[in-house]
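These notes concern the structure reproduced below.
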Amino acid sequence: MTLSEKDQLYHWHPYTQHQTTGLLPAIVKGDGALLWDENGKEYIDAIASWWVNPFGHSNQVIADAIFKQLTTLEHVLFGGFTNKPAILLAEKLMEILPSNQKKIFYSDNGSTAVEVAIKASLQYFYNKNQKRTKIIALEDAFHGDTFGAMASSGITFFTEAFQGSLLEVVRIPVPTSGNETTSLQALEKMVQTNEFAAFIFEPLCQGAAGMVMYSPEVLDKMITLCKANSVFTIADEVMTGFGKTGKTFAIDYLETNPDMMCLSKALTGGTIPMAITTFTQEIFNGFLDEDVNKAFFHGHTFTANPTGCAAALASITLLETDEMQKNIERIHDLHLDFEQKIKIHSRVKTTRILGVIFALEIKTENQESYYGTLRNKLYQFFIENGIVLRPVGNTVYILPPYIITNQQLEKVYNVVEKALEIV
Ligand SMILES: *Cc1c(COP(=O)(O)O)cnc(C)c1O
């Protein structure tokens, strides 16, 4: 049996209807932007393996840091103890996070980072005997698949089976160009009710929705509105963090700062599952009391895993190098050139660029569903051509690892252009 056949025997894959899914390529090696399957077929990983892998596969610097940590102290519980890599990472984060972020809470993945932010928001008001029990989120948002994160997510077919078991979340329109006023007015109405604990958003770019973008100016206004009405703001930077938008964090484009931030995905350069939720001192102080019950009773077994922290520290150090910063600019410039060329194509509806993120919407007769026929046809075409891209509905996006070569990126562009001819 091949690995692909054995996989079919044993595995249940994420977001997969197995009734209609065939054998999946079994990847056996990765190097830089490239992956190889068991038959030796080569793929360019043009979405950095779901946005986690900006420094390339099998990165030696991160691997060395992990090896060193594994052979010094692989893990120690964070309940009742601390560890050195966690402290070094916290110090590093304090240098790069907005100055109002003072406390670091560790967990394991993007969804848990969001759960932590939501639970802290709700308990903050509970501790103060204030009844603020609801959350505000954007339409088409994606914040993860656990219950709180899922409740905040607006991609309906991900969550419809669970309606009725979810936290109360009210959704407002995404403030995309032309919709700023509608969105701001909806937010204003919500925050004035004093029923909401927090407003959660993916800053500037909604990844899973298909790289839907909006401006820093409108987000500044939204955060200001929330602050004026004592509603906490949660910037879910799980996708946008660590250079994707051209700055370290998307909120670095803003004048205002959010109260909480969620980080994961590229945090450890795609090596070890880890996540962080960061807080202001004010929120942290809301849990201080002689009464033990006011503490935040949330934790995960692998909290602040030293190996994960060492990997994150190595990743951030890589991100800060001139070489990596130049790579981000280089990819951004190549995207701009490609956009000039492709936007006049008769099948292209719109294009969007932010940092290393490039998105293109294909003109279609009908509204395309998330995992619809067009999407599946495109996906298969890309895989056949050795490119890993996961279109969303009629949107094709590229979010390459920063170390992708010009030649590899040109190949991705060429295949995207060819794809426009087959649809
Ligand atoms: C991927 C993602 C999550 C969920 O992260 P997981 O690690 O898959 O749980 C949350 N928020 C955003 C913005 C994401 O892109």
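Cβ coordinates are placed from backbone N, Cα and C, and glycine is handled just like the others.
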Residue in Asp37, Asp45, Asp236 which TrEMBL records at the pyridoxal 5'-phosphate site where Gly110, Ser111, His300, Thr301 also bind: Asp236
According to TrEMBL, which candidate in Trp36, Trp50 joins Lys265, Gly299, Arg390 at the substrate site: Trp50
Residues among the binding-site residues Gly299, His300, Thr301, Arg390 that border ligand 1 - Cβ under 6 angstroms, in sequence order: none
Count of other CB atoms lying within 10 Å of the CB belonging to Ser111 (pyridoxal 5'-phosphate binding site): 22
Spatial neighbour of Arg390 (substrate binding site) that is closest, considering only the binding-site residues Gly110, His300, Thr301 and their CA atoms: Gly110
For the binding-site residues Gly110, Gly299, the one whose C-beta sees the most other C-beta atoms within 10 angstroms: Gly110
Inter-residue C-alpha distance, Lys265 (substrate binding site) and Gly110 (pyridoxal 5'-phosphate binding site) (nearest angstrom): 7
Distance [Cα-Cα, Å, rounded] between Ser111 (pyridoxal 5'-phosphate binding site) and Gly299 (substrate binding site): 13
